[in-house]
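Scroll down for the structure; my scribbles are underneath it.
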Amino acid sequence: MDEQAGPGVFFSNNHPGAGGAKGLGPLAEAAAAGDGAAAAGAARAQYSLPGILHFLQHEWARFEVERAQWEVERAELQAQIAFLQGERKGQENLKKDLVRRIKMLEYALKQERAKYHKLKYGTELNQGDMKPPSYDSDEGNETEVQPQQNSQFMWKQGRQLLRQYLQEVGYTDTILDVKSKRVRALLGFSSDVTDREDDKNQDSVINGTEAEVKETAMIGKSELTDSASVLDNFKFLENAAADFSDEDEDEDIDGREKSVIDTSTIVRKKPLPDTSEDRDTKEALKEFDFLVASEEGDNESRSAGDGTDWEKEDQCLTPERWNVDQGVITRLKEQYKKERKGKKGVKRPNRSKLQDMLANLRDVDELPSLQPSVGSPSRPSSSRLPEQDISRADEVEALTFPPSSGKSFIMGADEALESELGLGELAGLTVANEADSLAYDIANNKDALRKTWNPKFTLRSHFDGIRALAFHPIEPVLITASEDHTLKMWNLQKTAPAKKSTSLDVEPIYTFRAHKGPVLCVVMSSNGEQCYSGGTDGLIQSWSTTNPNVDPYDSYDPSVLRGPLLGHTDAVWGLAYSAAHQRLLSCSADGTLRLWTTTEVAPALTVFNDNQELGIPASVDLVSSDPSHMVASFSKGYTSIFNMETQQRILTLESNVDSTASSSCQINRVISHPTLPISITAHEDRHIKFYDNNTGKLIHSMVAHLEAVTSLAVDPNGLYLMSGSHDCSIRLWNLESKTCIQEFTAHRKKFEESIHDVAFHPSKCYIASAGADALAKVFV
């Protein structure tokens, strides 16, 4: 009974659910004894040993499941840690790779600078100790690869150390001379004369003093004996010698050109005295026999045609080939050296000056000062550049050029490097062959095509067609006049990207409001502090231009509006500003031309065409060649020149006026050439005509567009003409050849009108157009 009750009591004391049966156990046993054996068997079955084992197994299984889940979570975290470590290692490898590339590019840039400096000036560029980039060995490599990389690092250190030794001893130039001599000797193309010259060169380089030669020989012998075993395994001496002579071998220059340039460089750096060959020289040269193997390797790496080039060069070196007095050549060399020393501080002419010179050269039949052909020093086309040609090239560099203000904005930006490195188009000038004149004309016209104007800014703030525009003379600022009764000022440096196009949008920084009708014309003063506008209300409003950096949301400034110039009774069609006299010209639909002072708001000083003999003026401009004259076009097809001082009409330009067709002879715009006495007119019949202001004769007439020509503008240098038309196109013309060099569509049509005005910036690389589609576009 006790043995059977023991497990039950133990179970009831330990099991949490048996607390209620702890005191009922004896009563149950008594009841079981009184009721029968069946009740006692049921009580014993509830606390049996299999039940305990089942409970333990259940708890153990639950513990194992939780442990498995913990291990899974730990494995996931370890995998995440490994992934992050791998990502970090990848970033470090990427950083190392980028650092290596940066070092490589820096080294390549230094080599490129040295190359261009050598080609341009003929001397080496001092950039300090220009060593190839050294990279640290990767830490993650296997142990088998580390000894090899360490040995390579030791090789590099050995090369650098030996290079320093050679520089200290002074063997740099010697190795160059001996190397070139060995190559010619191996190829079998050296003649007696060249051998003697080479021996003299080697004597002058090696035999500075007898003590130096002996000391050099002793140092060379000791180095060779100590490093014989190293030379058997490593051939870094070959690479070191190649680095001295072929630093730019990686570039697109063959060995022949490189050797010629190196030879000339050595000649310029060290004048070679006339010394004879002696025993010390031969002994010193014997120490460089180990370079024969390196020369054979270099010979294999050169192209197959180098042997012929060496032969040609050696033949060129012989004076018998040229029948030239050696004294004359020596004298020319000395003269060239003096000129080069005196011209080191002289800056090469820029692109605009070269263009001025080319424009002047086109009108000259012969150029006696340039009889020999001039080759560009930046792009050598032959294996040898004669000393005479080099001196002539320096004479061309010393020529004076006429001043130019801003012609560089016509040409492309990619010529900036070319203008700094060479003579540009002057490299192809030859006056010996007269048949080259046509090719020169074609090349000069081709240069004008290099600059392609592309749309840059789109000005979208006006609500109606834009009638006129004017650039600030200095700043990148534009003022537009529109039919929506307003003028707007734009700062082209304050841009914002457009939503659906590659061009940039510019918001106006100021809006001028005073006109009671459409604004038809606008002009700025020479200093950019005032602007004047005319409209259909017959008023000429005078404005003070605001600061280009003004906040568009600043409070209203009443001082901007200076006041109206009263006098016209109908629409003002055109304005022109005279910087020389500070006067303003205006033409109006009332048939008069008026001259105003700009220093104050006052009535007109002079009135022209009171009787309307020539018709109603449509356009007016100042004659640039004579500031006291003005030119105006009229509705009847006449163009006349007036003297503003005497108030008299002095000349009426030639015109074929047909009274029956008044619309076809209408002149929409007249402008004056900025440097020549020429007037240019734009006609309703699609023509552009050129007139001589002195004689009034028609110089040239051409059909320029498919529809009426509405606007004209000439660049500040007077080389290019820009025209706008109602056919939606803007065309750029070469004024010398009267040919179109570029055409682009700028605006859309509205009420059969398209482009109202075009303009060049006086000092910056901008052109602008105003259209009937309420847009103004700026091109660069």
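Including glycine, each Cβ sits where the backbone N, Cα and C put it.
Among the features that Swiss-Prot reports, coiled coil is placed at 53-120, with the record citing sequence analysis.
Annotation comment: Swiss-Prot describes 55-63 as region 'Caveolin-binding'.
Here Swiss-Prot flags 124-145 (among others) as region 'Disordered'.
Taken from Swiss-Prot, the feature phosphoserine applies to Ser137 (among others), supported by similarity to another entry.
Annotated phosphoserine per Swiss-Prot: Ser227 (among others), in sequence order.
Taken from Swiss-Prot, the feature phosphoserine covers Ser229 (among others).
The annotation phosphoserine is assigned in Swiss-Prot to Ser245 (among others) on the grounds of a large-scale study or a structure entry.
What Swiss-Prot lists as phosphoserine is Ser259 (among others), and the listing cites similarity to another entry.
Marked as region 'Disordered' by Swiss-Prot: 290-321 (among others).
The annotation region 'Disordered' is assigned in Swiss-Prot to 334-353 (among others).
Look at Swiss-Prot and you will find 338-351 tagged as compositional bias 'Basic residues'.
Annotated region 'Disordered' per Swiss-Prot: 363-388 (among others), in sequence order.
Residues 506-513, 515-524, 526-528, 531, 533, 535, 543, 545-546, 548-549, 750, 753, 756-757, 759-764, 766, 768-776, 778 of the same chain sit 6 or more residues outside the repeat 'WD 1' (461-500) yet have a Cβ under 8 Å from a Cβ within it. Here Swiss-Prot flags 461-500 as repeat 'WD 1'.
According to Swiss-Prot, the repeat 'WD 2' annotation covers 514-553. Proximity of distant same-chain residues to the repeat 'WD 2' (514-553), defined by a Cβ-Cβ separation under 8 Å and at least 6 residues beyond the stretch ends, is recorded for 464, 467-477, 479-487, 489, 491, 493, 507-508, 559-566, 568-577, 579, 582, 584, 586, 588, 590, 596, 598, 601.
For 567-606, the entry in Swiss-Prot reads repeat 'WD 3'. Taking Cβ pairs closer than 8 Å, the repeat 'WD 3' (567-606) reaches residues 517, 520-526, 530, 532-540, 542, 612, 615-622, 627-628, 630, 632, 642, 644, 647 in its own chain, all 6 or more past its ends.
Summed and averaged per residue, pLDDT over the repeat 'WD 4' (662-701) gives 86. Marked as repeat 'WD 4' by Swiss-Prot: 662-701.
With DSSP classes pooled into helix, strand and coil, the tally for the repeat 'WD 2' (514-553) is 0 helix, 17 strand, 23 coil. Residue counts for the region 'Caveolin-binding' (55-63) under DSSP (helix as H, G, I; strand as E, B; rest coil) come to 9 helix, 0 strand, 0 coil.
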